[in-house]
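Engineer: Right, I'll just put the structure down here and ask away after.
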């Protein structure tokens, strides 16, 4: 492995290797080439001397040998199109072979073809020696094409055809090079082409992973969670399938996925496979600066102090509206309000008694001077103002009206205007009959009931309600299964208890639909007791119904609880991360760009030695580290001394 990597680096193929290690490899390669040239020159000189000593055409032979010597010394830099890497041969061995071979060639062949014969004999000897060296080195050698653009590895594998031995040559491209990854002492080995499938990730990008390379051990070292890396490596091997090991917690594996930079798409798909919904993307802010400030003021209470004040006012108005909605249903307030509404409708036949009607008519009470109506009007004015302002400043009208919270705002406002329009129409049109008045009262009661949805407006300012909403959205499939199982159980046990109680004259189950209520109450383990079986068969059916209800409800509950825990812990971690980011460094004299870089770091460590050095340099260059500030003057305030102490403490930690 090391031989292949060194050879490839000498030709400029292994761009993923660190610069220092590559420079050492190139130096060793240049030294090897220098020894090869010296050995070749010595061998040619010895062969030339032997030929001249034996007689013959010495001048022409000397001229040819000199030419070949020059060519041989220049060949490693650009002579052949395909060169084979071999080890350094002893100089005496080469000299011996050439002295024993060249004299015979000069005796047998004419001087004009002597150079050709010498070259053939020399190449045959070199090929034989190369084959022996390849067998000793594991039958592995390196080759490069004419232009140096493509690096490849050739492996001689034994043939399995039963023909008595032999080897077959197999060529591998540069990406098939094997790479060793050490994760906290556990070594993994894979091919470079496997990691290159995802070039944007930490392991797939040569520049990103270079900082973790250990040149002494020729491997990449990561001080990370070991069980998680099995799934990380499988992500590359499988082409993008990310599966969490059962022995790794969800939050730890999520941190590992973020560290290896597998991407947001892979992380979102992994969370979906785990049963969680996609996180909502942050909505873009308006481009206009004025609209942006208004949007932050009404939409994000944590953005500023005025925004928190507006949020508090909104919560108080919502609570007042809900309290008024509940108080107006009390008997002492409900009777007077119904009478006022009847008078506003233009008559009081059938609705007003003889004592209350003259009193209300003489006092001039109408729906418009009712205290509950006045308070309700004030609340609606605030809700309408808030809704219109947010609609004006929103970055996208389409997304604004698709938001469930904005739909709740519209539903909570509309009943007031419908009620107001109905009252005005009745006052102008006068009484149109008792039947029409009764219908108007029924419609108004339904519309007033819709106001109860205002309580969901609190979820805009409550993290707990938001977590509950996310949990229900993530558990829609489980809730659907629960309702489906309950529906099947209600049908089965309602039919069974009806036929079990059919012969009992005093039974409560007169029909199967009458038994639906009993089945629902029994399966949910509520048990009001208003309907109960009397016969033995009915009691047996009731027992089975209760057991089936417990099992049906218990099955999807763990999934719902798991979703709630996930969203709750995620919200808690976000709050802790925000606090740690805001309180990263307490010394006010540190450079702002240094603090910004430190706070923007998503990892628990700065990760690189250069960043540590930059941190240390920034602390030293800060005002706190100056001797004149920390030591010079005696009239420094206590705050300055504390800041200087903090700066020195930070410098020591770095």
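Placement of Cβ uses the backbone N, Cα and C atoms for every residue, glycine included.
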Engineer: Pick from 182, 353: which one does Swiss-Prot list as N-linked glycosylation site?
Structural biologist: 353
Engineer: Is it the case that residue 537 shares a side of the membrane with residue 426, at least as far as the topological domain names in Swiss-Prot go?
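Structural biologist: Going by Swiss-Prot, residue 426 and residue 537 are on the same face of the membrane.
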Engineer: Please identify the range among 501-508, 525-532, 573-580 that Swiss-Prot labels intramembrane segment.
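Structural biologist: Residues 525-532 are the ones Swiss-Prot records as intramembrane segment.
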Engineer: DSSP helix, strand and coil counts for the motif 'Selectivity filter' (525-530)?
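Structural biologist: Counts, helix then strand then coil: 0 helix, 0 strand, 6 coil.
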Engineer: Do you know the DSSP helix, strand and coil residue counts for the compositional bias 'Low complexity' (39-52)?
Structural biologist: 14 helix, 0 strand, 0 coil
Engineer: What else in the chain is close to the topological domain 'Extracellular' (499-512), if you only count residues 6 or more beyond its ends and a Cβ gap under 8 Å?
Structural biologist: 518, 530-535, 537-538, 540-541
Engineer: Six or more residues beyond either end and a Cβ under 8 Å away: which residues meet both conditions relative to the topological domain 'Extracellular' (533-539)?
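Structural biologist: Contacts with the topological domain 'Extracellular' (533-539): 497, 500-501, 503-504, 506-507, 509.
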